[in-house]
Amino acid sequence: MFYRENGQLKTSYQADQQIFPIAQDRWAIIGLVLFAIVAVPLLANEYTFSAILIPFLILSLAALGVNILVGYCGQISMGSGAFMAVGAYAAYNTLVRIDGMPLLLALLSGGFFATVVGMFFGIPSLRVKGLYLAVATLAAQFLSDWAFLRVPWFTNNSTSGSVMVSELQMFSWRIDTAVEKYLFCLGFLIVFAVLAKNLVRSAIGREWMAVRDMDVAAAVIGIRITYAKLSAFAVSSFIIGVAGALWGFVHLGAWEPAAFGLDRSFQLLFIVIIGGMGSIMGSFFGAAFIVILPIVLSQTLPALGNLVGFEVSTAAISHAEFMIFGALIVWFLIVEPHGLAKLWSTGKQKLRLWPFPH
Amino acid sequence: MGFFLEALFAGLMSGVLYSLVALGFVLIFKTSGVFNFAQGAMVLFAALAMARFAEWLPQWLGFESALLANIVAFLIAGAIMCVVAWLVELLVLRHLVNQSDATLLMATLGVAYFLDGLGQSGFGSGIYTIDVGMPKDPIFVLESVFPGGILLNKEDLIATVIATALVGLLTLFFMKTTTGRALRAVADDHQAAQSIGIPLNRIWVIVWCVAGGVALVAGVIWGSKLGVQFSLSTVALRALPVIILGGLTSIPGAIVGGLIIGVGEKLSELYLGPLIGGGIEIWFAYVLALVFLLFRPQGLFGEKIIDRV
């Protein structure tokens, strides 16, 4: 009734090509962003910020990157955790080794080095694809696990093997409270989300999608496969690298290579599958889902157990989490291969007609 | 020289064990086109079932014989793997026919997570032992040729024999039996096989059962070597480069690839390890496979990949 585009006539190309052509969508998004910037810092408490909101923002950012590679360009990557690690450690090293390095530049340099590494590991994608490539990207994961654990230079010769960033300062702004950290991550997320959204609807985004749908056919109509694949690897690993740097700097503060292990790669892949492959919106849905589900489970399972007179241990919860994740992945792939984002757009489609049947 | 040969043999023997896990991958990929990421989880699940039942059965039924307990536990674990295979076909694969490779891969990733969780909540998440009476003491061979001879692990030797026997059995099964022929037909062309009356669903269940059986054998061997614990499921990750190297569709490839990776790992750890820091085993195999892929994308024995629009 209230959600329809009747009467919103486009009179210029610019109006026709905007990100949200329907005014209601536009206002909803603007409202949501304003809500996130203004209202959330007033409403949420310390725990919500550090346990839910900040991980959600950073994982969304990383998932954006993974989605560009996996969802838009169709190159399955199981090495996302490695690119996050490269981002985090590169940012750390630039910050520590260069005097007077601004925080912002250090984080972006994390992205830059992740891009370099990502493109290097993207080279096999020119020769192999599909399953072979998926296994090949695992090489990146194991190599990074090893390098950051065993090569002392990367951790600035720290004896414990873990590195720490003590103070975050951008220009004269000291980021130390949870609210500030949240806003800092939110800023990154908004900028990168707009960039990513625009990239995927531009010429290069269409090339990625053509390569994903059928690379031989794409080559026949004149798309440069090499360029498309490597640029997808580059953009994706830049975003993942920045997300990795944020994860280390802002969320963890001190971290070890295990923070970016194979599990992280799988987690990001799951976010993309559950959220929706080839959808910017989906990255947010997926990240929210993955961050909130374990918290909900750890709250509800013991309560459920008590109800039937059964003590639920933490180990049992983590096993149940494994099972539920596994089952959900399969369920999503069977029932809704396009993930939560598809459910969302189906819902919107229905809303346009509601309350009339046609 | 003796030292080198010792490492070489150790590599070959661990290579056989990798082949065993890799075989499970190849079997499923060949017949159903599914890259089964759950193979590692299946190894863990089977080993857990075996270890726990061997421990529980004497308590429940009140007998002493460890041999009997092991045999019964092995059979029960085998039966459980068949049930798992049947359920996977019924609940997952049947609904994903004709989906892309990537979708199937991710579905098996989901199955892997599910099995990991189920196995640990059903059988416990501690460290268990499988004691099938494998001799642990090392033996020395070729003492007349080299001073001191070559140190061989008896356990590894037996494992190698078992693995070789299993591979031989599987080859016979594939080449000589009716079911084996049906399996190969399905591997060649799903539609053609179906059109001459081969029931696809049943074939898939059989293949997953066979893969489950291979997982069980691998689980028992690895489990008695390393103990049954969660890290057993990462054995599959170490077997992945093997099939990349050997080719996804080739059984001889899995074996040769396993040997190459096993030897490569041991020798690299021995000669390259001290130069750049230890623990390079795990990524060395991957990098080896990766470099190899650049020159031969379909692996050593894989079928040539042909793209059509």
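The backbone N, Cα and C atoms fix where each Cβ goes, glycine too.
Given the structure is predicted, the values throughout are model-derived calculations rather than measurements.
Taken from TrEMBL as is:
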TRANSMEM  A:27-44  transmembrane segment
TRANSMEM  A:50-69  transmembrane segment
TRANSMEM  A:76-95  transmembrane segment
TRANSMEM  A:101-123  transmembrane segment
TRANSMEM  A:130-149  transmembrane segment
TRANSMEM  A:181-200  transmembrane segment
TRANSMEM  A:230-250  transmembrane segment
TRANSMEM  A:270-296  transmembrane segment
TRANSMEM  A:308-334  transmembrane segment
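Note: the stretches the transmembrane segment (A:50-69) and the transmembrane segment (A:101-123) are not in contact (fewer than 3 CB pairs below 8 A, sequence gap of 6 or more). Residues 75, 79, 82-84, 86-92, 94-95, 136-137, 139-140, 168-171, 188, 229-230, 232-234, 236-242, 244-246, 249 of the same chain lie 6+ residues outside the transmembrane segment (A:101-123) yet bring a C-beta within less than 8 angstroms of a C-beta in it.
Sequence-remote contacts of a segment are chain residues at least 6 beyond its ends whose Cβ falls under 8 Å from one of its Cβ atoms, and for the transmembrane segment (A:308-334) they are 270, 273-274, 293-294, 297-298, 301-302.
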